[in-house]
Amino acid sequence: LLNKEAKNATMVTIFGYPLSIFFIVVNEFCERFSYYGMRAVLVLYFKYFLRWDEDFATTIYHTFVALCYLTPILGAIVADSWLGKFKTIVYLSIDITDANKDGTPDNMTLHVALSMLGLFLIALGTGGIKPCVAAFGGDQFEDHQEKQRSTFFSIFYLSINAGSLISTLITPILRAQTCGIHIQQECYPLAFGVPAALMVVALIVFIVGSPMYNRNPPQGNIIVKVCKCIGFAVKNRFRHRSSQYPKREHWMDWAEEKYNKLLIAQVKMALKVLFLYIPLPMFWALFDQQGSRWTFQATTMNGNFGAITIQPDQMQTVNPILILILVPVMDTLIYPLISKCFNFTPLRRITVGMFLAALAFVAAALLQIQIDETLPDFPSSTESQVKFINMVNRDLQIEADNETISLKGFGTLVLNSFVYNLIFSVFELSFRRVLNGFGSVLNVTVRDKVFNFTSNMSEYLSVSHGKAEFMIKDNRESCVYTQELGFGSSYTLIIPSTFTFGERCSENIKAVMDMKPNSVHMAWQIIQYFLMTTGEVVFSVTGLEFSYSQAPSNMKSVLQAGWLLTVAVGNIIVLIVAEAATLEDQWAEYILFASLLVLVCITFAIMAYFYTYTDPTKIEAQFDKMEPEEKEKRKNFDMPRKGSAESHKEDRGSSDSSSDDECTKQTKI
C-alpha cells in the first residue's frame, strides 16, 4: 500500500483536514490498544499460567520490550507487521495445546515455544508499525497545511495515550474473569483475544481508507547514508594515519574527499546529540519496570478501593492518566514559573527527570520494606517449611529441635526446615484448601467450581476475594459454609471426623489461616507512579524536543532510531540485572537501580555542562551556498586515473557520489 506512485489519491477534506487521517488515527488507537493491553497482563501470564518465577518472568518481559524497540531500526515492513501481530495474538489467546481440557497445556514445552514465537512476531510487527504510521500520516498534508499537520500530530499522540489508558484499564478486568468450557480459571484467552479483535479492526480500517491515501515513493534510507559517510571517514582517516598528513579539525572531515560539507556538517550535529544519548538507557531501565517489578509488587497489596477493586496490572493506568494531566500543567505552569528563577534548559530538564525516576525507585523500596513486614516468614534458598495442623479441639505439644512447642486446638504451626514449602499467594485471589477427615468422599462447590476429594488434603484452590459460600456435599446431604476472603490470604478448611450434616453443620468446619490478607494498600504505589511519570514528562518529552531542535533537517529519523535504541538498551540492562543480581530482597534491587541512575544522572549533568547549543537551520543555510563549489571538488576527486590499480574503485566511488548528492536535499522525515 505504501509503495505506489506519489500523489495518486484524490484529496478529500473535512474542515480543512484530509479525510484519510481519520483512518490512520483510528488504526493507531486500535493498534496501541492491542499492544498495551497484551503487555499489561503479560508478566502475570508468565507467573501464574506458565508458572515462571518472578526473575525469569521479568527477564522475558524486558527481552520482549527490548525487541519491540530494536525492530524499528531493523526496518520491519508495516503491512506484514499488522498481519503477523494478529496471527501472533491468536496463538496466545487460543490454547491449542490443551487436548484433555483440564485448563493446563498437555505439552508445556510446545505451549511455551508457541508463546515465545508469538512474542517474537509481535515485537517485529510493533517495530514495523512504530516508525511508519506517524510519518505516513504527515504525508497526507500539503505543504500549505503546516498548522493542520501540527494539530494532527497532537491528535495522533492523544490516540496513542487513549489506546494505552483504555486497554490497560480494560484488559486486566478481562483477565480477572473466569472462563473455560471444562475448567473455570482466569481468562487469559479473553484478555489476549480482545486485543486480537482490535487488530482486525485496525487492519480493516486501514484498508478501507486506502483509496484516499497520499503515498510518497521511497526516498532512500538516510540512516544508511549516514553510516556510509561515517564509515568512509574512519577508513580514510586510517589510510592517512601517517604523520606526514596534516591533521584535520574533526575526524569526520576526512570524508570531504567523497561527501559534500553539508552532509558532513549534518552528521557532526547528529553525532553530537547521539553522544548525549549514551547515559539515557538507564532511565528506561527503571521506567519500564512499571510493567514487571511494580506489577509483581502490586500482587502483594490490597486493591480494595471501596466501590471498586483494582487489579495489580491495572495500576499501570496511573501512568497515562498522570501524563494527560502533567503535560499541560508542566507547559503552562511549572516551566514558566521555574524560568523566572533561572534558565531551565532542556538538558537540565532531562537531568531532573532522571533524578525523579531514581526517587521513584527509592519510594518503591520503602514501600517494599513495609510490604515485607506483612508477608509470612518464607524459607531461605537452603530451607523449606513444614506445617503442623491440630485437628482436635485440645492443645497438643510438639517437640522440634529439642524444643517443646504448644499447638492449640484447630491451630497451625509453621517451622522453617528442610521440608518442601506448600504456601504461596496471589493478589486478587485468596487460596483455600480442604482437609477432609470425614472418612468418605466429598465434593466442594465454590463460585461454580466443583472439586471432589477423599480423606486427605486437597490442593490449594484459587478463589476471588470477598464473601464466598462453600457448598459441601456427599451422596445424600449438603452443608453451606460462608467465609469472608481477604486479598492474598490463604486458608485451610478442616472437616473433622466428628462432622455431621444438619442445620448447624457449618459450626463443625474450622478455618485455619495459612497466610494473612494483604494489609498494605495499593494506593501507596501512587507516590512512586507520580514521581516516575513526572520524570517521564520532564525527561522524554523534553528529550524529543531537544533532539529535534538540534538535529539537521534530514537527520530526524537518525535521532529517532537512536532514541528508540536507548529504550531497547535500557530493557536489556534490566534483564541482565534480573539474572545476574544475587540480592535476596526486592527492596535492595530497587535501591541498586536508583543508585545506578543517580550515578548516570551525575555523568549526564557533566556532559550537558560542556554541550554547546546550535542552530541547524543557520548552519545548513551557510553550507547550501557552498554546494556548487563542493560538487566540482568531488567531481575532480572522482575522476579515474588511467592505469591506476584503484581506477575501478574510484569509478564505484564516483557512482556512489551521485546518489550521495541526495543527502544535500532537504527531505522531510
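The first residue you see is number 1, and the count goes up from there.
Cβ coordinates are placed from backbone N, Cα and C, and glycine is handled just like the others.
What TrEMBL records for 9-27 (among others) is transmembrane segment.
Summarising the annotation, TrEMBL assigns transmembrane segment to 62-83 (among others).
As annotated by TrEMBL, transmembrane segment applies to 108-129 (among others).
What TrEMBL records for 150-170 (among others) is transmembrane segment.
Sequence annotations record features per position, and here TrEMBL assigns transmembrane segment to 190-209 (among others).
Positions annotated as transmembrane segment by TrEMBL: 269-287 (among others).
Here TrEMBL flags 321-338 (among others) as transmembrane segment.
What TrEMBL lists as transmembrane segment is 350-371 (among others).
Residues or ranges marked as transmembrane segment by TrEMBL: 526-546 (among others).
Feature annotation from TrEMBL assigns transmembrane segment to 558-578 (among others).
Look at TrEMBL and you will find 590-611 (among others) tagged as transmembrane segment. Sequence-remote contacts of a segment are chain residues at least 6 beyond its ends whose Cβ falls under 8 Å from one of its Cβ atoms, and for the transmembrane segment (590-611) they are 272, 275-276, 279-280, 282-283, 285-286, 289, 293, 347-348, 350-351, 354-355, 357-359, 361-362, 364-365, 368, 577, 581, 583.
Under the heading region 'Disordered', TrEMBL lists 624-669.
What TrEMBL lists as compositional bias 'Basic and acidic residues' is 624-654.
Between the transmembrane segment (350-371) and the transmembrane segment (269-287), the number of CB pairs under 8 angstroms, six or more residues apart, is three or more, so the stretches are in contact. Sequence-distant contacts of the transmembrane segment (558-578) (same chain, at least 6 residues past either end, Cβ-Cβ under 8 Å): 55, 58-59, 62-63, 65-70, 72-73, 130-131, 222-223, 226, 270, 273-274, 277, 280-289, 292, 543-544, 547-548, 551, 589, 592-593, 669.
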